[in-house]
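Below is one structure; the comments refer to it alone.
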Amino acid sequence: MEGGSELLFYVNGRKVTEKNVDPETMLLPYLRKKLRLTGTKYGCGGGGCGACTVMISRYNPITKKIRHYPANACLTPICSLYGAAVTTVEGIGSTKTRIHPVQERIAKCHGTQCGFCTPGMVMSLYTLLRNHPEPTLTQLNDALGGNLCRCTGYRPIINACKTFCKTSGCCQSKENGVCCLDQGMNGLPEFEEGNETSLKLFSEEEFLPLDPTQELIFPPELMTMAEKKTQKTRIFGSDRMTWISPVTLKELLEAKVKYPQAPVVMGNTSVGPDMKFKGIFHPVIISPDRIEELSVVNYTDNGLTLGAAVSLAEVKDILANVTRKLPEEKTQMYHALLKHLETLAGPQIRNMASLGGHIVSRHPDSDLNPLLAVGNCTLNLLSKEGRRQIPLNEQFLRKCPSADLKPEEILISVNIPYSRKWEFVSAFRQAQRQQNALAIVNSGMRVCFGKGDGIIRELSIAYGGVGPTTILANNSCQKLIGRPWNEEMLDAACRLILDEVSLPGSAPGGRVEFKRTLIVSFLFKFYLEVSQILKGMDLVHYPSLASKYESALEDLHSRHYWSTLKYQNADLKQLSQDPIGHPIMHLSGIKHATGEAIYCDDMPVVDRELFLTFVTSSRAHAKIVSIDVSAALSLPGVVDILTGEHLPGINTTFGFLTDADQLLSTDEVSCVGQLVCAVIADSEVQARRAAQQVKIVYQDLEPVILTIEEAIQNKSFFEPERKLEYGNVDEAFKMVDQILEGEIHMGGQEHFYMETQSMLVVPKGEDREIDVYVSAQFPKYIQDITASVLKVSANKVMCHVKRVGGAFGGKVTKTGVLAAITAFAANKHGRPVRCILERGEDILITGGRHPYLGKYKAGFMNDGRILALDMEHYNNAGAFLDESLFVIEMGLLKLENAYKFPNLRCRGWACRTNLPSNTALRGFGFPQAGLITEACITEVAAKCGLPPEKVRMINMYKEIDQTPYKQEINTKNLTQCWKECMATSSYTLRKAAVEKFNSENYWKKKGLAMVPLKYPIGLGSVAAGQAAALVHIYLDGSVLVTHGGIEMGQGVHTKMIQVVSRELRMPLSSIHLRGTSTETIPNTNPSGGSVVADLNGLAVKDACQTLLKRLKPIISKNPKGTWKDWAQAAFNESISLSATGYFRGYESNINWETGEGHPFEYFVYGAACSEVEIDCLTGAHKNIRTDIVMDVGYSINPALDVGQIEGAFIQGMGLYTIEELNYSPQGVLYTRGPNQYKIPAICDIPMELHISFLPPSENSNTLYSSKGLGESGIFLGCSVFFAIHDAIRAARQERGLPGPLRLNSPLTPEKIRMACEDKFTKMIPRDEPGSYVPWSVPI
C-alpha cells in the first residue's frame, strides 16, 4: 500500500501543510495552539455546546458542487481534513480588516454577553447563510440547535438572525421582532396599541448588507486535487497511532484485512468521544471519507439505498426531497426518520456523523436504529470474500456473532424499503430537552394491515434507551398478529410488551418507572395515530377518535419565536451626547463576534510554559492509604507531581475551606472530586496522560452521607444554625381556620459558564514577584491565598482579569484554590504554568447551587390569609463550608419574597455531606427559599379552593411595611408590577382560554401561573460593599479608567464608560478600559450580588468628580476648549490628571442574635406570567408565552439590563424544569457535560417573550437611580414551574386524583409524566424499595 505523509488543507484561505501529523490531534487545539487562531473556543470537548464551531468546505468531483457545513472542531481530527477548506470566525471578518454582517448584527443586536459562545454562534449562522442567503425562521432555529448560550437567553441572538430572513410576503424582519407568521399563536389579543417598544435597541438601517460575492472562494488548488484520478492512500502516523485514509474500496478492504480491529471512522462523533471520555484507545484508525462507492444514493423499485458514508444531515435532505416527490403511502418510513433527524444531535454532529457509523455504533439510545430495525432495512457488506447482505434486526443490534459484521467486513450501504398501502410507521422519543439531547426512551413502530380489514398482518416494535442494546418486542408482536386494531388489542399489547421489554430497578440511566411508562405511552400514541389514519381512509368501518384525544397526536416542538420589549426612554432633559439611558452596545460586542476578544486561555504561550492538571478522588469518604506517582513520573514530558506533602497549609481564616487546611488531600478524602495531586508537564496532552497513571489506594470510611435526609439523620451540620423570627408564631397557630404541613425538595444546579476555570501564572524572575492571569470574580482572594501559599506578601502577587467567559458565582472560591496550586508549581519550577480545566473536571470539582429541602407549616384563614408560617431550610453544603452558611443566611432574609407574613419563624442549617462543596450561584439562596414559599402558598390556595394568584395578592406586602428583620420597605412598585403584568399578559382572558383548552383535551393540558418578585439588593455589611476606581486623563484628551469590578458578560465595563462619558461630558470613543488588576485597584470585593455596577460606578463617578473639581479653573478659563486643550493646560500648571474614586459601601447590617437589621439598600420588584402546555403521555412541555414586568429604577443601559433579565429568566427556567444533577449511590456525579446535563437551548425558550420596564423611579443613594438586575430574574423562572404545576393539577383533577399535589424541582419530563397518573402508570410493574441498588440517588 502506497503512502504519503503530507497533510494539506486550507484555513481561512491560506494553505496549511504538515509533514509529521499526529492522528490524535483534533482541529481545535491545532487552530488554537499551532495557528494561533483563538477565536474558536473550547467549551466541552464532546461536540455538545457548539463553542468550537467552524465551517468546513469540500468539493465533490462527481457532482461538481462545494458543500459547506458546520462542524465541531473539538471532534474533528486534522487527518480527516486532507483536501478540505476550514473557515474560522477570524476568516470571515475582523476589526483589522472588515467585519462580516453576521458578526456586526449579532453584536449590534446585543446578542453577546460574556461572548465566549459567540464565535460558535457566528459560524453556525454564517454557514447557514453560505448555503441559504435568505433563510427561513425554521432554518435559522435549526442552524443554532447545536449551540448553547448560558448568558443571553437567546432572544437577541434570534433577533439578529431574523434580520437575514426572507422578507417577501412576510414581515419577519420588522424592528419589534414580531412576524406575521408568528402572531396570535394562542388566539388571544397581544399588547394593546401604544405599548410598542419605546425606542429601538438597534437600527437595521445601519447594518452592512449581506453580499455572497464577497465571501472567501473555495481554493482552486483543492478542486484540482479532488479532480485527480491518481490519488493514493494516505497514511499519517505517530508513536501511538496510525491514520489510514484509503481512496478505493480495494485499498479499504486491504486495510481492513491488515487491521481487522481498527474502527472505520467518518465523522469521529462516536469513536472520538469514546477515546476522550471512556479511555478507549485505537492504535489504528481507518478513514474512508474519499471513497465514492460509500456515498451512493440510489433509487430503486423497492426503496432507497444510501451509502454508509452519507452524513446524517445529507440523509435528512435526501429524505425530505423524497417525501416531497413520492406519495405518502410509500414514504411512511422516511417521514418517521425525518422526525427523528429533526432533533437528533445538533447540525454540527449531523453534518459530521455518517449513516453507517450511526448504525454500526449501535448505541443503546440510537434514534434511527429502532426505526430501521422495524422497517425491514438491510445492510450491504463487503469483504475480500465478496458481498453479502444482512438484515438490520435484533440479532445485529445485539452484536450476535452470526448476524454481525465480521472484523474484516465493511458496511457499504443501507437499503431502506418504501412503505406499502395499509402499512404505517411512526417514531417516538422523549428526552430531557427537545433538541440536541439523547433520548431517555425512543421507539420505532410499524404495522401492516390486510387490505381494508383492520387486521394486523405485520407488527414490529423496537425501543431504544431501555437496555444495553436496541430491543425489539418480537414475541409480543407475534402474539398480536391476526388481531383487530382496537382497544382490546391495545390493552393486550401493553401488558405483553411490558413483560417482554423489562427493565430492572437498577438499570443504568435510572428513571426506570418513567421508562416503563414511556414504553406503553408511545404504544398508545401509535395506536391513536394509526386509528386516526384508518378512520380517514374508511369512514364507515373504523370508529372516530374521541375529539379530546386528538391533540395527543400533535408535537409540542416550538419552531418560531418572537418578542416585544417595552422599556424606558432616555431622560429628555439630559444632553444629547449623554449616553446614560441609551442602549449602548456591549463594549466588547464586536470583538466577541470576531473572535478577537482575548480570554485567559487565548493568551499566547509563554516561553518554557508548563501545563498543570489534577488528579481527584474517586471515593466519597475514604482514607488515602498510598499515592504511587512513579509510573506517571516516568512518562515523557512530565516535570513534577505535587501532593499535599509539598504544599504548605493555608491560613484557615480564608474561611472557604474550614477545617481542611490543605489544598491537596494527603490523609483523607471527603468527596469524589477532591483534589489529591497536581501533575505538571511540558504539554497538556502529556499532563493528562500522566494523571491517568497516578495510582491511589483508598480505605473506605463510614458513614457516606450524600443527601440532606442522611445529614439530618446523622446530625451532620455546619455551625451555627441560623434563625429568623417575627411576631408570635405559636400563638398565631391557635387563631387560624386551617393548618397544613408540607415539604419540597429542590435539586442543585451547575453553573455551566461557557469558559471553564482558566489561569496562567508567570513568575517574574526577581523579588519573588508573580503574575496571575485568571478567569475569576475575586482577584483579591486569589492574591491573598496565593501569597499565603508562596509565603510572600500580597504586594508580590499581581492578579489580572481581562474578561470572564461566564461565572454566575462559580469563579470565587474554587478558583482561588486552583490558582494557588498553579502558582505554587510556577514558583517551585521558576516557569510559567497554565491550568485549564476540562468541562468534566470543572463540573466535578467546583460544585454548584445548593440542593434544598424546605419544610413548612402554615396557619391560614379560609379566605387565604396566611397568619402563621413556621419553616425549616436545609441546604446540601457538601464536604466543606465554602459559602454555604452565607447562602442559608441570604435564603432566610429573602424567604418571604413579596409577602407579609405577620408571624414567621424560620430556621436554617447547612448540611455537611460527602459531595463537593457547593458554592455561590446566581440568586444565592433566594431561588430555593422563594420556591419553598411559593409552593406553600400554592398549597394553601388549593386548600382554600382559591386561585393561587388570588392568595398571592391577598398576602402581598402593602405599600409601607416592615420586613421580618424590621427593615422599613415601600412596595408601591411591587403592586404596580403585579397589576401591569396582569394587564399586559391578559391574564384573566387567558386563564379562561386555558380552562377551555383543558376541558377539550385529555392528553394535553395547559397551565398558567403568575409570581411576584421582591429581590433585596445588598451584601449584609458595609465592608463587603466598598469599591474603588482609578481614572487617568492623558495629554491627548483620552481617558483610561480602571475599577474593581469584573466583566463577566453583564456589561459592567460598558456601564463604567457610560458613567465617565456623562461625568466628564466626553464621547465614548475617547474612553478606554483595559481590565481589572490588583496592581491598579487593590483590595477588591468579589464581583457578584447584582451590585458590581452600583458600587464601582459610584467609585468611578467619584473619581471623575474629583478630576472635574480639580480642573474647574482650567475649564472655566477656556470653556470652548477640548479635553486635549484642558489636559495640556493642567499639565503645564502641574495639576494632576489622575484621580482615585472610592465608595465606602451602603449602610448594611444584620444582627443574628436579635434577628434585626438593615441588610439591604433597596429592592428590585417584578412579576412574571408564564403559560405552558404539557403532554401527559410523555412529560414533555412547551413554553408558550412569558410576560415579565420589572422595576429597574432608572436604566443606565436598557439593552444590557433587559439582557440580564431575560438571561437570568432562562437560566431560572432551566433550574426549575430541565437541569438535573445525577449522582451514583457512591457519590459519583454522572452529569459532567452537555451530553448528560441539559441547560436550556434555543428550542426551550418561550415562543412569545414580552418584557417591560416600569417608568423610572428615583433613588438618590444609587448610581443615577439605577438598580442591579443580575440575579433577580432567575427566580421568575419559577413561573414556568408553577404553570406546569397548574397543568398537572388540571390533568389530575380530570382523572379524579386526590390532592395535595406536591412536586419537587426540577420539574423534568419524568416528574411531569409520573404526576399525570393514568391507566398506563397503573399497569407498570414497580420494584420494592430495598430490593435493588438504584442507578442514582436524589440529592
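Each residue, glycine too, has its Cβ placed from N, Cα and C.
Applying DSSP to the domain '2Fe-2S ferredoxin-type' (5-92) sorts its residues as follows: 19 helix, 31 strand, 38 coil. Annotated domain '2Fe-2S ferredoxin-type' per Swiss-Prot: 5-92, in sequence order.
Within the same chain, residues at least six positions away from CYS49 ([2Fe-2S] cluster 1 binding site) with a Cβ under 8 Å of its Cβ are GLY43, CYS117, GLY120, ASN147, LEU148, MET754, PRO1234. Under the heading [2Fe-2S] cluster 1 binding site, Swiss-Prot lists CYS44, CYS49, CYS52, CYS74, citing similarity to another entry as support.
Neighbour density for CYS151 ([2Fe-2S] cluster 2 binding site): within 10 A of its CB lie 28 other CB atoms from the protein chains shown. Summarising the annotation, Swiss-Prot assigns Mo-molybdopterin binding site to GLN113, CYS151, ALA807, PHE808, MET1048, GLY1089, SER1090, VAL1091, VAL1092, GLN1204, LEU1269.
Annotated [2Fe-2S] cluster 2 binding site per Swiss-Prot: CYS114, CYS117, CYS149, CYS151, in sequence order.
The domain 'FAD-binding PCMH-type' (236-421) scores a mean pLDDT of 95 in the predicted structure. Annotated domain 'FAD-binding PCMH-type' per Swiss-Prot: 236-421, in sequence order, evidence recorded as sequence analysis.
Residues or ranges marked as FAD binding site in Swiss-Prot: VAL264, VAL265, MET266, GLY267, ASN268, THR269, SER270, VAL271, ALA345, SER354, HIS358, ASP367, LEU411. Cβ-based neighbour count (10 Å, all protein chains) for ASN268 (FAD binding site) stands at 26.
Around the Cβ of SER1069 (phosphoserine), the number of neighbouring Cβ atoms within 10 Å comes to 9. As annotated by Swiss-Prot, phosphoserine applies to SER1069.
Within the same chain, the residues at least 6 positions away from GLU1271 (active site, proton acceptor) whose Cβ sits under 8 Å from its Cβ are ARG922, GLY923, PHE924, PHE926, TYR1015, GLY1089, SER1090, ALA1208, listed in sequence order. Swiss-Prot lists GLU1271 with the feature active site, proton acceptor, giving similarity to another entry as the kind of evidence.
The full span of the recorded Mo-molybdopterin binding residues, GLN113, CYS151, ALA807, PHE808, MET1048, GLY1089, SER1090, VAL1091, VAL1092, GLN1204, LEU1269, taken as their largest Cα to Cα distance, is 18 Å. Of all the binding-site residues in the list VAL264, ASN268, ALA807, MET1048, the shortest Cα-Cα distance to CYS52 ([2Fe-2S] cluster 1 binding site) is found for ASN268. Annotation for CYS114 ([2Fe-2S] cluster 2 binding site): same-chain Cβ neighbours under 8 Å, separated by at least 6 residues, are ARG150, CYS151, TYR753, MET754, GLU755, ARG803, VAL804, GLY805, GLY806, MET1048, GLY1049. Listed in sequence order, CYS151, THR152, HIS586, GLY1049, GLN1050, GLY1051, GLY1203, GLY1207 are the same-chain residues at least 6 apart in sequence whose CB falls under 8 Å from the CB of GLN113 (Mo-molybdopterin binding site). For the binding-site residues given as CYS44, CYS52, CYS117, LEU411, LEU1269, the lowest number of other CB atoms within 10 Å of the residue's CB is seen at LEU411.
Report note: the [2Fe-2S] cluster 2 site is defined by CYS114, CYS117, CYS149, CYS151, and the residues of the same chain whose CB lies within 8 Å of the CB centroid of those residues, excluding them, are THR112, GLN113, GLY115, PHE116, THR118, ARG150, THR152, MET754, GLY805, GLY806, GLY1049. Summarising the environment of SER1090 (Mo-molybdopterin binding site), the number of other Cβ atoms within 10 Å of its Cβ, over all protein chains shown, is 24.
Taking only the Cα positions, the spacing between HIS358 (FAD binding site) and VAL1092 (Mo-molybdopterin binding site) is 48 angstrom. GLU1271 (active site, proton acceptor) carries neither a helix nor a strand DSSP state and counts as coil. Put simply, CYS74 ([2Fe-2S] cluster 1 binding site) is 13 Å from SER270 (FAD binding site) when counted between their Cα atoms. Within 8 A of the CB centroid of the [2Fe-2S] cluster 1 site residues CYS44, CYS49, CYS52, CYS74, the other residues of that chain are LEU28, LYS41, TYR42, GLY43, GLY45, GLY46, GLY47, GLY48, GLY50, ALA51, ASN72, ALA73, GLY120, ARG839, PRO1234. Spatially close to ALA345 (FAD binding site) yet at least six residues away along the chain are GLY47, GLY146, THR269, LEU312, ALA353, ASN436, judged by Cβ distances under 8 angstroms. With SER1069 (phosphoserine) as the anchor, the candidate binding-site residues are CYS74, CYS149, LEU411, and the one with the nearest CA is CYS149.
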